[in-house]
Amino acid sequence: MRLRNKPWAKEKIAAYPQYVIPNPEEHKGRWNELFGNDHPIHIEIGTGKGKFITEMAKANPNINYIGIELYPSVLVSALDKLIENELPNLRLLNVNAKDLTNFFAEGEIERIYLNFSDPWPKKRHEKRRLTYRAFLELYEKVLVDEGEIHFKTDNQAFFEYSLVSFSQYGLVLTYVSLDLHNSDFEGNVMTEYEEKFSAKGNRIYRCEVKYPPKHQKAGL
């Protein structure tokens, strides 16, 4: 994806610390205090322009959402949506997902959304894929016992790779669709990217996986 540079994006993000949390490591293990409740927390890694997570937060007021996006020029669009909607159960982070354990304590997150992540198709870039084993290990550290990953992509090769990666790690597949928009799945919330590519007739792939119970993985 080619990004359009917005030199003013960082300045705008810095002007809204109540929405884009500037020092997320200070809230590690205490995100419930920031939200002012003990509702479950769901995060989206690669939140993009924010349509998905904004709509999810609107539809589910009893769930707290955190959108993570590395690029300020993209995140600023999600910030605009949050400013407009003033959602108390949504906050944003302008950080790198590889540092996830710096920001969240063990068992602090209930679910992770991966929507249309960069497939990094070249073999030498495999370690950058958000469904690579090292990332699955990272997610397990912050997720609750039997925590979930919900994954969507329009890239068949990346989807197949991810299914294998999930299986090899021991994740349990609880839902899969090879053509989401022609399935019986209800409640799908589309991203901007998803709207664009599904309108062209592109097939959307989706799956849900969960980690096995930790005592089971430990062989107890």
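Placed from the backbone N, Cα and C atoms, the Cβ positions cover glycine too.
Substrate is bound by K122, T191, E192, Y193, E194 in Swiss-Prot, and the record lists one more residue there from D38, D80, D154, which is D154. Per Swiss-Prot, the candidate among E44, E137, E140 that belongs to the S-adenosyl-L-methionine site alongside E69, N96, D118 is E44. Swiss-Prot lists region 'Interaction with RNA' for one of the ranges 22-27, 124-129, namely 124-129. For the pair Y193 (substrate binding site) and E44 (S-adenosyl-L-methionine binding site), the C-alpha distance works out to 15 angstrom.
Spacing of D154 (substrate binding site) relative to D118 (active site) is 11 Å (Cα to Cα, whole number). Remark: of the binding-site residues E44, E69, D154, the most isolated position is D154 (fewest other Cβ atoms within 10 Å of its Cβ).
The DSSP secondary structure for N96 (S-adenosyl-L-methionine binding site) is coil.
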